[in-house]
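Participant: Okay, here's the structure, questions in a sec.
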Amino acid sequence: MSLPYRHVVILTGAGISAESGIQTFRAQDGLWENHRIEDVATPEGFQRDPDMVLEFYNQRRRKLLSDAIQPNPAHLALGKLEKELQGSVTVITQNIDNLHERGGSQNIIHMHGELLKARCPESNQTVEQKEDIRHGDLCHCCQMPAQMRPHIVWFGEMPLRMGDIYAALEQADLFVSIGTSGVVYPAAGFVHDARMHGAHTIEINLEPSAVESEFAEKRYGKASIEVPRLVEEILAAQARAKESAA
């Protein structure tokens, strides 16, 4: 890697958190931890059985807050990159955990929401949420109190902060996708957007994604190994450029 990059955009999917013990959605059978997606990740599922949906996310939240779930070397490397790069690093994540924050990243866009927040469906106001959400927990920020729900973007709902995402992609000179399947849009199209704006594109995954042909460079292996390796290459290129300019 020869060029020093100034505006790095990272897209992360379930693969980066899987190595930390967070189970992923299995697209081949439509199940998430043995639950049908239609039951636990749609507005209709929440309307049908709010108790079951709330408990599903309560269990995920408890696990995330347990000592068993920790950021892995890939999260830590991205935190280091943001701290040491002489430029900007934007992490766009499809994950709902807080492992990027705990790994040291600060400029994070949670396009699918956050497990450690709850949202009022009437006002869209969000609050920090580390305790269980129960059926009957009402929001009192609006005139008509509504049942609080997990701050999660369910299937059929619009991803969050799309304007900020596209603005970052327009500025990117390096776009890296880590642990994504490439089948969920609009995220699967980000590599095309970044490439059209001139960014170098890299895919890091266990196996080729559905959009692997869009990437100029592919690195296949564990995120915990490949991401730290890439970060060191980026920072080394920056150091060489600084030395040559001195």
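Glycine is no exception: its Cβ is also placed from the backbone N, Cα and C atoms.
Annotated domain 'Deacetylase sirtuin-type' per Swiss-Prot: 1-237, in sequence order, evidence recorded as sequence analysis. As annotated by Swiss-Prot, NAD(+) binding site applies to 13-32, 94-97, 179-181, 205-207, Ala223. Annotation source Swiss-Prot lists substrate binding site at Tyr57, Arg60. According to Swiss-Prot, the active site, proton acceptor annotation covers His112. Swiss-Prot lists Cys120, Cys139 with the feature Zn(2+) binding site.
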Participant: Of the recorded positions Tyr57, Arg60, His112, Cys120, Cys139, which one sits closest to Gly179 (NAD(+) binding site) when you measure Cα to Cα?
Facilitator: His112
Participant: Within a 10 Å radius around the Cβ, which one of these binding-site residues has the most neighbouring Cβ atoms: Ser17, Gln94?
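Facilitator: That would be Ser17, with the highest Cβ count within 10 Å.
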Participant: Translate the DSSP assignment of Arg60 (substrate binding site) into the three-state scheme.
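Facilitator: Looking at the DSSP assignment, Arg60 (substrate binding site) belongs to a helix.
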Participant: When you measure from the Cβ of the residue listed as 'active site, proton acceptor', how many other Cβ atoms are you left with inside 10 Å?
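Facilitator: If we count other Cβ atoms within 10 Å of the residue listed as 'active site, proton acceptor', we arrive at 21.
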Participant: Of all the recorded positions given, namely Tyr57, Arg60, His112, which is spatially nearest to Gln94 (NAD(+) binding site) at the Cα level?
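Facilitator: For Gln94 (NAD(+) binding site), the spatially nearest of the recorded positions is His112.
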Participant: If I take the alpha carbons of Tyr57 (substrate binding site) and Cys120 (Zn(2+) binding site), what is the distance between them in whole Å?
Facilitator: 16
Participant: For each of Gly13, Gly21, count the other CB atoms within 10 A of its CB; which of these binding-site residues has the top count?
Facilitator: Gly13
